[in-house]
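Trainee: Here Swiss-Prot flags E204 as active site, proton donor, drawing on similarity to another entry. Look at Swiss-Prot and you will find E418 tagged as active site, nucleophile. Positions annotated as beta-D-glucoside binding site by Swiss-Prot: Q55, H158, N203, E204, Y346, E418, W468, E475, W476, F484. Residues or ranges marked as disulfide bond in Swiss-Prot: C223-C230. According to Swiss-Prot, the feature N-linked glycosylation site maps to N61, N494. The motif 'Prevents secretion from ER' annotation in Swiss-Prot covers 521-524. Positions annotated as signal peptide by Swiss-Prot: 1-24.
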Amino acid sequence: MALQKFPLMGLLLLLTILVSVTTAVDDPVCPATSKLSRASFPNGFLFGTATAAFQVEGAINETCRGPALWDIYCRRNPERCSGDHADVAVDFFHRYKEDIQLMKNLNTDAFRLSIAWSRIFPHGRKEKGVSQAGVQFYHELIDELLKNGIVPFVTVFHWDTPQDLEDEYGGFLSQNIVKDFREYADYVFTEYGGKVKNWITFNEPWVFAHAGYDLGKKAPGRCSRYVPGCEDREGQSGKEAYLVSHNLLNAHAEAVEVFRQKVKGGKIGIAHSPAWFEPHDLKDSNDAPTVSRVLDFMLGWHLEPTTSGDYPQIMKDLLGYRLPQFTAAQKAKLKDSTDFVGLNYYTSTFSNYNEKPDPSKPSWKQDSLVSWEPKNVDHSAIGSMPLTAALPVYAKGFRKLLKYIKDKYANPEIMIMENGYGDKLGTTDSVDVGTADHNRKYYLQRHLLAMNEAICIDKVRVTGYFVWSLLDNFEWQDGYKNRFGLYYVDFKNNLTRYEKESAKYYKDFLAQGVRPSALKRDEL
């Protein structure tokens with residue numbers, strides 16, 4: 001009755017209720033807990049582990065699987081893959097049922113996998129043949145996950161371009177890849193979309209483009225000869241990476257158009273892989289802007305087109321004609337073409353203003369006018385660097401990066417698609433040493449706490465977290481010498497899996513929680 005007498009007051013009350021409902025939906029709600037555990041996170045938060053087809057499956061001659069880019073790259077250039085290859089990898093193809101039981105043992109909710117393009121289309125295109133045995137393998141894998149109560153998250157492309165497309169037109173160097181990727185994505189969405197609702201089109205496009213076509217550290221190893229280590233290579237640093245990314249982004253947009261037609265109630269995104277940066281010298285006015293600039297080049301390069309429809313302005317300003325342009329139609333397809341931001345976070349470093357770039361030797365890193373420094377102006381390293389660590393450990397950077405994405409990109413939903421710690425054990429590698437991975441345990445503890453603070457204090461909308469990786473596996477140019485798994489794989493003894501200390505910690509964390517964390521905030 002009162003609302004009839006005071007319509008304006010009633011309208012204001014209604015708006016207040018609507019705003020409150022919206023806020024409740026958008027902002028994460030964290031339970032009050034006395035110890036860090038699964039219970040410290042919002043209801044429905046997903047915890048899982050991650051792998052990628054090429055890194056774990058093996059079975060390269062089964063199901064009529066065609067050769068992939070990394071197969072040929074490692075055969076032709078064994079020294080670029082630490083003398084290793086992924087012909088067998090960790091034999092996930094034959095052992096996935098056993099490995100799914102390891103996931104259950106961890107108490108995880110979800111599992112991130114990728115589909116090998118050439119296991120579906122051995123020659124890259126549907127018209128050249130479909131491997132029904134390959135199609136069936138992924139059906140059986142997905143069904144086994146679902147039977148065990150584990151939600152599948154599927155990556156359409158994790159760096160394994162069919163070699164036939166590389167040979168035919170240069171893979172992602174050609175715009176022909178756009179229609180071929182759309183066809184492949186259409187097929188897997190149609191085939192598996194009824195039971196898989198969470199998808200990633202591309203894994204780490206920055207790494208794929210920069211390391212593969214500018215730095216030459218990953219397949220196909222293209223770079224200019226002035227780049228250290230590239231004296232005998234083919235490629236054009238400072239150009240090809242931008243072309244590859246342009247084609248990749250257009251391929252993503254085409255795939256998402258199909259996805260939204262075919263997969264009802266699904267979500268799709270890209271898994272980005274930025275580091276966090278701290279200014280090299282806080283007193284230098286040139287260093288502070290380097291953080292946002294390098295993040296525009298590293299993260300915004302592929303994220304901003306999927307939100308706004310175009311590249312970051314700073315990239316257009318600094319690169320000029322070397323940065324391809326989207327057409328109006330391409331911009332329209334790219335804009336708002338993700339439902340969440342996928343984030344892979346491992347480490348942080350310092351950013352320093354690069355005052356004297358060499359215009360005769362363009363490269364992605366030089367283009368951003370930023371140099372990366374392991375120590376700041378006071379000669380202090382970032383975070384900590386355990387003796388066998390592959391990368392510096394800096395959990396503060398994780399929280400800062402999450403807050404940065406929230407603030408810059410309008411508070412999107414974020415899924416942590418990879419977070420993990422690499423061990424290079426060298427001559428000390430053994431089952432006993434490898435399973436006593438206390439540094440990985442501490443890494444996970446610190447990063448889970450940092451993520452919890454980002455969610456509960458900074459109100460970042462993180463909804464899932466995947467540890468990289470379930471198993472030690474083939475780590476690209478490092479071969480099997482860099483171990484990231486929660487389970488140790490004995491490469492000398494039948495690929496036997498052994499539970500590591502980090503797996504025990506994660507299992508307890510996801511079960512009933514762990515003892516109250518003794519970590520202090522300044523230790524992060």
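The backbone N, Cα and C atoms fix where each Cβ goes, glycine too.
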Trainee: My understanding is the cutoff is Cβ-Cβ under 8 Å with a sequence separation of 6 or more in the same chain; which residues meet that for N494 (N-linked glycosylation site)?
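Mentor: Within the chain, N494 (N-linked glycosylation site) has no Cβ neighbours under 8 Å at 6 or more residues' separation.
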Trainee: Work through the recorded positions one by one (N61, Y346, E418, W468, W476) and name whichever has its CA nearest to the CA of C223 (disulfide bond).
Mentor: W476
Trainee: Using only the Cα atoms of Q55, H158, N203, E204, Y346, E418, W468, E475, W476, F484, which the record gives as binding beta-D-glucoside, return the largest interatomic distance in Å, rounded to a whole number.
Mentor: 18
Trainee: Rounded to the nearest angstrom, how far is the Cα of Y346 (beta-D-glucoside binding site) from the Cα of N61 (N-linked glycosylation site)?
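Mentor: Distance (Cα to Cα, whole Å): 33 Å.
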Trainee: For C223 (disulfide bond), list the number of other Cβ atoms lying within 10 Å of its Cβ atom.
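Mentor: By my count, 27.
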Trainee: Rounded to the nearest angstrom, how far is the Cα of Q55 (beta-D-glucoside binding site) from the Cα of the residue listed as 'active site, proton donor'?
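Mentor: Cα to Cα, the residue listed as 'active site, proton donor' and Q55 (beta-D-glucoside binding site) are separated by 15 Å.
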Trainee: Write down the Cα-Cα distance for E418 (active site, nucleophile) and C230 (disulfide bond), rounded and given in Å.
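Mentor: Answer for this pair: 30 Å between alpha carbons.
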Trainee: What kind of secondary structure is Q55 (beta-D-glucoside binding site) part of, going by DSSP in three states?
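Mentor: Helix, per DSSP.
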Trainee: Count, for each of the recorded positions Q55, N61, N203, the other C-beta atoms lying within 10 angstroms of its own C-beta, and report the residue with the smallest count.
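Mentor: With the recorded positions Q55, N61, N203, fewest surrounding Cβ atoms within 10 Å: N61.
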Trainee: Is any of the binding-site residues Q55, Y346, W468, W476 within 10 Å of E418 (active site, nucleophile) (Cα-Cα), and if so, which, in sequence order?
Mentor: Y346, W468
Trainee: So if I measure Cβ to Cβ from W476 (beta-D-glucoside binding site) and keep only same-chain residues at least 6 apart in sequence, which ones fall under 8 Å?
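Mentor: Those within reach of W476 (beta-D-glucoside binding site), by Cβ under 8 Å and sequence separation of 6 or more, are Q55, W70, C81, W159, K218, A219.
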Trainee: Could you find out if DSSP has Y346 (beta-D-glucoside binding site) as helix, strand or coil?
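Mentor: In three-state terms, Y346 (beta-D-glucoside binding site) counts as coil.
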